[in-house]
Amino acid sequence: MSVFRDLERGEAEDGESERPLLGTNSNSRPDSRMRPERPDNLGLTINTQKFGYFLNLAAWLQLHPLDRPPIPPLPDLTPSSASSTVTNTPVQETCINKQWRRSDRRLRRLNTELLEAIEGQYPEEVERLLNAGANPNATCRLNQVSACHNAALTGGDALALLIRFGAEKLRIDRLGRTPLHLAAYAGHARHVAVLLDFPKDVQERIDNESMSSETEEDVKRLCPNIRELTMVRCDLGEVNMSLPKNWKDNIDHNCKDIKGSLPLFQAGWTPLHVASSCARRHCTRLLLAAGADPGVPDMEGRTPLDVAGYAYYYNKEVNGEHFVDVIKLLLKAGGHYNTMRPKGLNNLDTPLHTAVELANMEAVRELLEAGAGVTGLNRAGQTPLHVLANYDYSHGDPMSAIVDVKDRDGHTVLQAAIAAAWVTGVCVALESGADVTLKANDGETPIHSAAALGNIEVLNEILSVAKQNDAIDYQNSEGETALVKAVINGHTKCLIKIINEGASLKITLPGEVNVFHVAADYGHFEILKELLEYDEAVTSTLINSLTAADRRGFAPIHFAVSNNHLNCVELLLSKNADILCRTTCSPHKASTPLHIAAVKNHTDIAKLILKYDKKTVHEVNSMGWYPLHTASHHGSRDIITILLKEGADLSGHTDGPKKYKRTAVDMIVHNLSKPTEFIEDVFDSYISSNGQDLQDPSCKVTVDYRILMPTVCECEQMKVIEALLKTGNRYGQRRLLIHPLVECFLYLKWKALLPFFYTIITIYGLFLLSLTTFIVSVFFFRDTNEVAPDWLDSTVWSYIVYAMISLVLVQLETWVKFGSLALAVILPYTVVVVSLVDAEWPRHVATLALLLSWLEMTFLLSRFPNWGYYILLTFAFLVIGFSLSFMIQFRSQMPFEGPWAAFVKTIVMMTSEFDYGSLFDEEHSKELATSLIIIRIIFLVFLILAAIVLMNLLVGVAVNDINDLEVLGNIRRLAKQVEFLGTLDTLVYNKLFSTILPRRVGNTLKNKRKVQGVMVLCPGKPRWKYTKVLPARLRSAIFNKAQSQKKQLEDEMGLKAFKTMMDEMHDTIVKRKIVSELSIPKALKNKDDEVVEHLDDIDNAVSELKGHTKKYVEESRCAIQALNVKMDQMSLDIKAVKEFLTRLESKLIK
């Protein structure tokens, strides 16, 4: 771990000077600088845009191993020199006197300016900055390119100045380059001499363009001392080394500009390789004189002679004359080659290929005389002769015009050979110069046809030419590449081959469609897997990309879901595809994959998505639709069932204005055929058993109420049933209220809210009692001229009435309550303030308030499940209301002279003895002149209710089916109960009510007012804790449903087993027949015996099949007989009931 720290990165400043970057040679002088060991793994990053001719071929050679000479080990790369050891390069913090120290910020600014001055070739500015304190080892932190690197590349006097001020000459940057490599690349021979530590007199005699023979001899005499410096090699890999703090630049330095301006070299290249590749004859001569070995190979096995002129292939100008001189110098120095021979390195651009490209006859002659072979292949797979043949001469081969001739479909000879999978014909056409990019009439090219064909041999031949012409990513008229064609047709091997040849995955078709979309759309699992695993960076970019709106606006996962490709969906999710990825707003309304599965009713995919994330059921699209709404709208019954099992809310509504909001259950009712039967089947599935008989103690019946309770808010447990009632009764959906699941839920909800209902009944009863007492105390004692007791003081009771009204206001429900309360509010004021002698309207107000209040009490008591409409049928409380109303209106006169007398008279009137003539005779009419109209209205209402309605009810019961009436009455009772429980639930969960109560009381009520989601019943255990919770009638209904579910499941399993058995019999018969046919040629003598044996087996199988069929028919017949017996019994019971009703009717008529 480096001890150097970066101040601008917030690191501590301790230990800023432990050691410089280059290691110490064991043979160095004692006064040489301490240097760290060179890293073992050095690497390069290839820049293909500017200096791509130094590309690394290691990857290709790993795939194509060749015989090559052994590569000698790298020499010591960190030689020491006297000039590299100076006192002003910090080794310890005390190396510089404190009076000359500068702040880090100023020093880094000077270092940055020094680097910029060297890049701009301003030697005077460089000298000024060095004198001002800039460090000669100033280094760019991004690439660790030092000032010496820049000076060696740009030329001029800057390098000499840096060396004079003590700069390290053999520094390596992050990509393993030294200044010596860069000087050889630029052809700066004098800089090479400086870096090789030549004496000053020798340096002055060396010019960049020429060198005398005497100077060359002097250099050779220095060879033993400097030979090792010429062998510094560029290492492959990235070097990460910490810099001393005072070597760094600041953040103002444009590091990326330096990164793009320096060339990149091949692994293992020496300075001689670099000089040879660029045809720098003077530097080559100088390095050879200094002892550079011309036989040292690089990491690919190429010597300096093998890479002569190599820069030509990467847009670097190569001087033909200098190219020949370099070849001569290397051959003269004993250089050899490893490429231009029969068993040498292949598929590399050799000097002979370069000489042909440059049309340099002298270079070709020199190489041929040195024994270079003409059979070596270059990167394009061509020999030097092929390179010559590819030139466009003025008199071209007429075959080139014939080979691309087209037929009426626009197909060339090459395309015809591809269509026939004729490999030889493809090779002949390609050798004749056939164009692989010519389009047929349908827009297809040969490379597309080969990819669509799927013949790997044909594709290899096409790709060998397409790669040379850079046509692998060529697009046809539809915008498809060869890669897309392979994906569409499901050719995995062709796909792998095309990708390995460098095809791009990022090319899109019109509409932003990429290869991931295509693979997912066609459901090619293996191809999609190869694409996802090829490049993680590309995968992360494209896996959630959307197509254009006119191409459905889908991501790859949407295509896979839409086409029901389960394995592709699972693969995409395993590769981190977004499970909540939304489509474009048009045309699919920003839908999630679950919405798409709901549209298509793809159950397996929906289960998979919910397995990964169950919360997706609560995601909405741009229309505010949940997946349940989408499934309901498109009639996807199976998806609806799955979503409900995972907690989807039937009462959830869509977004938009109130009149356009629709719940999921409303969509189910109005978009599915036979919706009531479907919902009933769904409700049935939530009542299940463990498969045991009901009498078995281990039998358990599970009742799941969670489908009726929204999971979003516990205070809305009635919302689902309320939403069901709001759908109307067009399809008879109200009969779902008597389904055991719903009825049991309502019963449990009623029991949970019963204490609150008792509270309301008590409050309303007190109100009714106070109102009745108040009215009686006022009007009865006034009409009878008696003195009211003190406890019946009207003023006191008026306050009591107002107090009760304030309590009743919290549970207003219907117009009856509003009427009774409004009249009750007015009454005390009218009685206390207004004179009863002069005004009659207070009496009318009192009558109506009293009558409506008792009517509301009747409605309240009818909410009880056990009483229900029996309260309404008996008119019990209405009799009290009418009797007191008559007493008030008749001014306590005969026959309504008192409360008890009025009650008895009203009971008698209910038997049809109305005595209308005596009640409204002339005497009473005079006394009741002001109230006569009101009295007759009240009497008419009583007449309709007591006589007409009641008698019609009795007659209806007599002439109609009792069971139908009971069911109808039960449905209406439950509907009213749902309405009331919804109102009561809203009251109980009122925020103000919850705030007023103490916390402990609130938590207790919270646990009691909601119904548990799941209930388990044990019919075989009478003392089970839930046995007494439900009444016997509801328990029996639940057990019957559980038994029917069990019977249905058993029938399904039986049919499945029967089908399996039939399949096995069929397979056995067919298998035996096939075996017999195969054995006939082997045993012709036993042919008759085998036929007889097979016939016997078939007879036995048919007999067994008949037995199973007969047994199944008998079981079905027994069940039908039992059903017939039950039907007969029911017919007898109905007949007895009808006889009883007939007798009852006859008695009523009498």
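From the backbone N, Cα and C atoms, a Cβ is placed for every residue, glycine too.
Unlike curated records, TrEMBL annotations are generated automatically.
The compositional bias 'Basic and acidic residues' annotation in TrEMBL covers 1-12 (among others).
If you look up TrEMBL, you'll see 1-43 marked as region 'Disordered'.
Annotation comment: TrEMBL describes 30-40 (among others) as compositional bias 'Basic and acidic residues'.
Residues or ranges marked as repeat 'ANK' in TrEMBL: 175-207 (among others).
Look at TrEMBL and you will find 267-299 (among others) tagged as repeat 'ANK'.
Look at TrEMBL and you will find 347-379 (among others) tagged as repeat 'ANK'. Regional average pLDDT for the repeat 'ANK' (347-379) in the model is 86.
Taking H, G and I as helix, E and B as strand and the rest as coil, DSSP gives the repeat 'ANK' (442-474) the counts 21 helix, 0 strand, 12 coil. Residues or ranges marked as repeat 'ANK' by TrEMBL: 442-474 (among others).
Annotated repeat 'ANK' per TrEMBL: 552-584 (among others), in sequence order.
Long-range contacts of the repeat 'ANK' (589-611) within the same chain, counting only residues at least 6 positions beyond its ends with a Cβ under 8 Å from a Cβ of the stretch, are 557-558, 561-562, 564, 566, 569-570, 573, 579-583, 617, 619, 621-623, 625, 627-628, 630-631, 634, 636-639, 642-643, 646. For 589-611 (among others), the entry in TrEMBL reads repeat 'ANK'.
For the repeat 'ANK' (623-655), the residues of the chain that approach it from at least six positions outside its boundaries are 589, 591-592, 594-595, 597-603, 606-607, 610, 614, 616-617, 661-665, 667-668, 671-673, 678, 682, 685, 706-708, 710-712, 716, 719-720, 722-724, judged by C-beta separation under 8 angstroms. According to TrEMBL, the feature repeat 'ANK' maps to 623-655 (among others).
What TrEMBL lists as transmembrane segment is 756-779 (among others).
If you look up TrEMBL, you'll see 791-812 (among others) marked as transmembrane segment.
Residues annotated as transmembrane segment in TrEMBL: 818-837 (among others).
Among the features that TrEMBL reports, transmembrane segment is placed at 867-888 (among others).
According to TrEMBL, the feature transmembrane segment maps to 933-955 (among others).
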Can you name the far-off residues of the same chain, 6+ from the ends of the repeat 'ANK' (442-474), with a Cβ under 8 Å from a Cβ of it?
380-381, 409-410, 412, 414-415, 418-419, 421, 423, 426-427, 430, 434-436, 480-483, 485-486, 488-489, 491, 493-494, 497-498, 501-504, 507
